[in-house]
Structure formats: C-alpha cells, structure tokens
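Over in TrEMBL, the protein carries these features:
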- 9-201: domain 'Glutamine amidotransferase' (DOMAIN)
- CYS84: active site, for GATase activity (ACT_SITE)
- CYS84: L-glutamine binding site (BINDING)
- HIS193: active site, for GATase activity (ACT_SITE)
- GLU195: active site, for GATase activity (ACT_SITE)
- ASP242: active site (ACT_SITE)
- GLY333, ASN472: substrate binding site (BINDING)
- ASP406: active site (ACT_SITE)
Amino acid sequence: MDESKVVTLLDYGAGNVCSVVNAIEKGGFTIKRVEKPEDIAEARVIVFPGVGAFGSAMESLDSHGYTEPLKEYLRSGRPYFGICLGMQTLFEGSEESPGLSGLGIIPGQVTKFDPEALGKSVPQIGWNGVKVHKECCVSGCLDKPDTRVYFVHSYRAPLTDENREHALCTTNYGNDEYISAVQYGNIVATQFHPEKSASTGLRILKSYLDCVTTGQPVATGRALPVADAPTTLARRIIACLDVRTNDQGDLVVTKGDQYDVREESEAADAKGAVRNLGKPVELAQRYYDEGADEISFLNITSFREGVLEDMPMLRVLEEASKGIFVPLTVGGGIRSYTDPQTNTTWSALDVASRYFRAGADKVSIGSDAVYAAEGYYAAGNSCSGGTSIEEIARVYGRQAVVVSVDPRRVYVNSEADAPGKTVLRVTDLKDGAEKLCWYQCTVRGGREGRDMDAVQLAVAVEALGCGEILLNCVDMDGQGQGYDHGLISAVANAVSIPVIASSGAGAVEHFSAVFNDTKADAALAAGIFHRREIPITAVKEHVRGAGIPCRAAENGERNGAVL
C-alpha cells in the first residue's frame, strides 16, 4: 500500500460517511479510519465529514478522547479537510449548542439562518454557487461560471472582520452572505458537501488530496477579484423510485396510479402483477448521469415489515452510493418496532442510523409522522421529545429528516363541513367540475385516512424538528395533469421549511409552472422518467430556459468520472 495515498477519516458515528469514502476512493486514495486518539497524531491528512448537530459532534469527539489531539493536530498546521460540521466545529462555538466550545481554530460563532429576515426556507437545501476570494488548490474547481455545489444546513458562519482573512469562499442566501469555505494554512473546509456535489465535488476532493499528499502548497496567498452579483439557490429536480418486491420476490422499481401499483387483471377475482419499471440501482445511476439533483428511494411496502431485516433495500443504497454523488433520500419503515422472532425492540433512530450508514443522506418519514403530529396536538401543541422526528433530528440535525405527506381530497359542500381544515376550490379530475375540498392525511401507503389535513400535519412536523416536506397528492398521482398548486401553496405558506412538490408531472411545462406559481423549492417526478417519456435533461433545459435558477448537468456525471 502506498502510504502517501492514505487518507485518515475521522468518523465519529453520525450521518452518511459512505459517500465520502466512495468519493475519496474514486480519486485513487485509500481510507484509514480513526479508531483511537493516537491515530489522529499519526495521520498524514485528515478528512472530517461532520454531519448532524454541532452539540452531538463535539460531545462525540470529547467522549472518544479526540478533541485535544485534533486541536493539537490542527494547530501544528497539518493537512485537514472538513465538510459541513467539519467546517463549523473549527469555529469558537455555535448558537445550535450554547455554552459548548468548538475547536477554536477560526474566530467567530456559527449562527442560525433567520427565515423571516431572509424570506427563504430554512434549512437551506440545494445547489448554490460560491464566490472565491483567494487562490488555493481547490479554487480552480469553483471559479467556473454557473458552478453550483450542494448545501444542506440551518446554521452558518457569518463573514466578519476577524475571520475574513480565512474565508476561501462566500455564498449568498437571500440577503445573507456567509462563509461557505475556509482556508488557513493546510486547512481547507467547506460548508457544502463535495461528496454530494457531483463531478465538481469529486474534483475538489481530489485536487486537495493530490496537493497535500505530494507536498505542494495549499494556497498562494493571492487574493482573487470577487464577483459583485450574489449567488442564487437553484430549484431542484428530484427523481423518485418507488421500490418494492414483486410477486416473485425481486426488488423492482414500480409506479402507482393513485397509489395502485398493480396492472389491471383480466380476471375479476385476481390481482394484477406489480408494475416492473426496472432495477433500482440501474435506474438511479441513469438519473444521476442525466443530471438529477437528488434521488429518492421509497420502500413502499416497508410499513408491513422491519427495515433492519430488509437487506435488499440496504444493499440498494450501498451499491447506489458507490457511483452516485448527489443526495440520496430513503423512506419507508422509519419507526420503532419489535422483531417478533427475537423480541428485540429497535427505535426509529436505530432504523435511520442503519439507513445512513448504508448511504442515505436523508430519511423520509410517512405514517409515523402523522401519529407524531396527532400526539403533538393532543398534548396541546407540545413536543414530547420521544417521536421519531425529534430523536433523529436531535442526533443528525433537522436537515436529515423529511416528512412525506400523502393527502387525498375530501370533497365538501362548504367550509362549514370541514371545521378547522384548510378548504380549497379545485377542479375535480374526474368530471372537470369546480368543487371545494380539504386534504385528508393518510397512513399505511394511502390506505387509511386520519382526521388531520395536510397543512395541520406540516405545521406540527416542523415544530417537531422536520427539515423538509415531500408533498404528494393521492388524487394527482400518475395522472400527468400537473402538480396541485393550491395544495402546494397552502402548505408552503404555512411553514418556513422547504417543500418538495410531488404527484402529477406529465410535461416539462408542469415543472416551470409549479416553480413560477408556488414557493416549492423542488419538484419530484417518477413515472415520466422511468418510462423515458421525458428525460431529466429536457426538464432542466426547459426550466433554465424559463429563467428559473436550475443546476446544469455536468458532463462528468455521464460516467461518474473525476475530471
């Protein structure tokens, strides 16, 4: 083994480090994990992919005995690449964990985005640009026009007179400009996730590691002219794969028609076969190559079974993360349950942790979120601290928790027929008539309705710690008539977290329309991509042509190359 190509990974046990490992190995390097404090002192170069909450990260470093050796390593000026929390922990502290000290290498405090002051959703989730302030070994990867990298965070490091000299890059979010990368001696750290920033991110990691492992200087000290124009957050295009086992026991991608995933059967008393639209990993790779901004796997039968025993789905994640370097979300079965064979009880946090270790960046909670919201309202709008949303957000941060809302229309004659519910006027797809309806939340894959509407659910889960809403609509699912703009606007206007529009896309114009008419941060589609009716590249070209910020697909994504 070439010792000069060994990279020491500081993995304290939180979040998805699988993709970081894959990205580093794709650049031709070998990983050695920190297992004891002495490994830090002996490292040639350290990569710290911090994911989750500031307090959890620092407490974990302390409990493992890593904090002081890491401070000594950093003060000695040795190579270090930090990612997300791996950058934030370099500062003196964070509003996220008052009174808890950071590593203190960079002056300043990390503070929270204010959604009201910004006029933007928080967390910031998606692809934004950077303004490069000085020349270093990675600046050439970031100074191209229209370059975007992937951010997912609620807290940021403000640019101040005390830390300005260490700012490698800054980024704008609304009216806020913050530090998106730092450089201090041989230290480089980014608020964004290079391992989730497609070919650009792979080049950043490789450029830095090539530099420090061959003894080249990390920075020249030369200041660069900084663009006046603010960076902008792109609207995201997300490909979704509904995954389940078919009647032969194979794991396949399927697609429902108003949540029915079976073909029609000629026999009245027989059920049709599960629609088979392809193999999960192959389809996901295709969507990455086409430029999808994120990929979502929904395990649509997992409400019946335990996730920790669902090895095929875990293997899908592990295999997908080897060649896909954009965010992966997985949903299905994120709840506590007891194994009937061993009588072992697993918490929702245990289940989520297993998904994260397999390669997921975010988990999507469905039915369990509805039950949590019911408990929230029953307790007088009070958080218990013990729901799946709260447990996962406390360890991994709210940006790692998506709630998938599955509402269906309930038609009424007047608003008085739905007290306490948000009632909207809509067009009934069946007869074309204008009617009033409210949107009833469902559980168990849309099979069971609850006495709660989509707006009530969204408000409750935001209070519990959810970071993003995936907003479906049973009535629009598979119809190809466009997204339900009224529903999306009602939910997006009621919360300050990002909302993903889902259900109903059938043409490229449906994407630009939902972005122009609503505050949706992203739009998700499935069937039109699976059946090759519309390629993701065509959607992106149309959205960009309509003047809507949208990330251009990189050529390097065509084959996962490190360019």
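Heads up, the Cβ atoms here are built off N, Cα and C, so glycines get one too.
TrEMBL feature annotations superimposed on the structure.
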residue: CYS84; record: active site, for GATase activity; CB count, 10 Å: 28
residue: HIS193; record: active site, for GATase activity; CB count, 10 Å: 25
residue: GLU195; record: active site, for GATase activity; CB count, 10 Å: 30
residue: ASP242; record: active site; CB count, 10 Å: 25
residue: GLY333; record: substrate binding site; CB count, 10 Å: 26
residue: ASP406; record: active site; CB count, 10 Å: 28
residue: ASN472; record: substrate binding site; CB count, 10 Å: 28
Taking the Cα of ASN472 (substrate binding site) as the centre, which of the active-site residues listed as CYS84, HIS193, ASP406 lie within 10 Å of it?
ASP406
Spatial separation of CYS84 (active site, for GATase activity) from GLU195 (active site, for GATase activity) - C-alpha basis, Å:
11
Pull out the recorded positions from the set CYS84, HIS193, ASP242, GLY333 whose C-alpha sits within 10 Å of the C-alpha of ASP406 (active site).
none
How big is the Cα-to-Cα gap, in Å, between HIS193 (active site, for GATase activity) and CYS84 (active site, for GATase activity)?
7
State the Cα to Cα distance, in Å, between CYS84 (active site, for GATase activity) and GLY333 (substrate binding site), rounded to an integer.
28
State the Cα to Cα distance, in Å, between GLY333 (substrate binding site) and ASP242 (active site), rounded to an integer.
13
State the mean pLDDT for the domain 'Glutamine amidotransferase' (9-201).
95
